[in-house]
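According to TrEMBL, the transmembrane segment annotation covers 18-38, 50-71, 83-103, 164-184. The domain 'Cytochrome b5 heme-binding' annotation in TrEMBL covers 317-415.
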Amino acid sequence: MPATSSSSAQPPSVLQQIWWSNAFVFLTVHAAACVGVYYHPLSSTPRATLILAVVLWQAACFSITIGYHRLYSHRSFEAGQKTRAFLAVLGTSAFQGSIKWWVLRHRLHHRYTDDPVHDPYSATRGLMWSHMGWIFFKHHYERMKTIDREDLEQDSIVRFQHQYYAVLALSTAIVFPTLLGTLWNDAMGALIWAGLVARIAVWHCTFLVNSLAHWDGLQPYSDENTSRVNLIVAVLTCGEGNHNYHAFPQDFRSDPSIFAWDPSKWIILGLQRIGFARDLRQAREEDLSCALWRMHFKTHVAPDDLITTQKTFTADVPPMTVAEIRAYVLRVQGRCILAVDNLVVDVTEYLHDHPGGDALLRKYSIKAKTFHEDQPDERVKELRDRTTAAFQGGINKHTLAAYDRLKELAVGCLVLY
Ligand SMILES: [Zn+2]
Ligand SMILES: [Zn+2]
């Protein structure tokens, strides 16, 4: 009997899953650095070369933190073309893929944190996997299509950087330090220390955010996922180790405290002062206080108190029929109204702050055309069910802070007949 196409499809073998080009580059750089350090040890390396290595390592680190992460992934501040271009080019020196490649995976990580299937570097798959194991395997991320990418595709700098990534990365990470080394007759030393060794340093420092900062440390804001505050990682990554701030990714800081180690936020503030950055976004004080209070209450006062951990849709709002929703939608065109569980929520003012992008919220909104179809009650109910499923994990397993914000924005309690 002939086998059907679905039953004959064999899952790819481990060898077929390995991302050979990634593995080759990764292992070659490590091996070349080891050989280089053996023949050109620290003791015989000019001080200028070592200073160059440290400067370029830190420059690459900051370009990932400020550029790839806070500017491009989370849009936590706005910057002009020159600043964006500078960070995009400098970012190639970190040798971590193009902005587009990096940002899409990082957005996936935030949306499905700890999910062993959908989070590319899920900490629940083990320390080694989250640190660098995931880089060695090709993976088809079926939820990638739900990730907001419009901003990346419309950005000419991102498109250019993606297209010419290999040339840019080799130039900034390898050729540039080697040429600088010729200024004091140590091109080989500069290639080894400021090129190869500094690349390995920036790789593993960034990887520590995905591994150690999801493994060991404090959780002052939330324990809904494995993200933690790890001071060692913060020091090694220009502040990114304050990683328990996962719930507030749109904030330009990794921690609001002036005592937290986060040099990147001070640089962004400095860029704002001289006109290279603007519209710095911050989580609301009340949201931060609520998160801190909730964790304090849970940890020190009532560890088993369900009130601190329950995700409910109860809000003190008036009943709202479908006819009243229709009147609300038609009254002010262009507003973004959602039905989630039993709540009718006007998220218009929140569109700009939504970490997953405004397009996603608009996709689920109740629009005027909803009421042009037959049985509008049924249409609203269907939309409500889809939105609720998406909110509760279908698209994003939202945090307690998100539930709080949803209830705050509620304008009515949905009444269906
Ligand atoms: Zn994380
Ligand atoms: Zn992030």
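Using the three backbone atoms N, Cα and C, a Cβ is placed for every residue, glycine included.
Keep in mind that TrEMBL annotations are predicted by a computer and have not been checked by a curator.
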Chain residues outside the transmembrane segment (164-184) and at least six past its termini with a C-beta under 8 angstroms from it:
46, 48-49, 52-53, 56, 60, 89-90, 92-95, 97-98, 101, 190-191, 194-196, 198-199
Can you name the far-off residues of the same chain, 6+ from the ends of the transmembrane segment (83-103), with a Cβ under 8 Å from a Cβ of it?
25, 29, 56, 59-64, 66-68, 71-73, 149, 152, 155, 157-162, 165, 168-169, 171-173, 176, 199, 202-203, 206, 271, 276-277
DSSP-wise, what's the residue breakdown of the domain 'Cytochrome b5 heme-binding' (317-415) into helix, strand and coil?
53 helix, 19 strand, 27 coil
Model confidence over the domain 'Cytochrome b5 heme-binding' (317-415), averaged pLDDT:
87
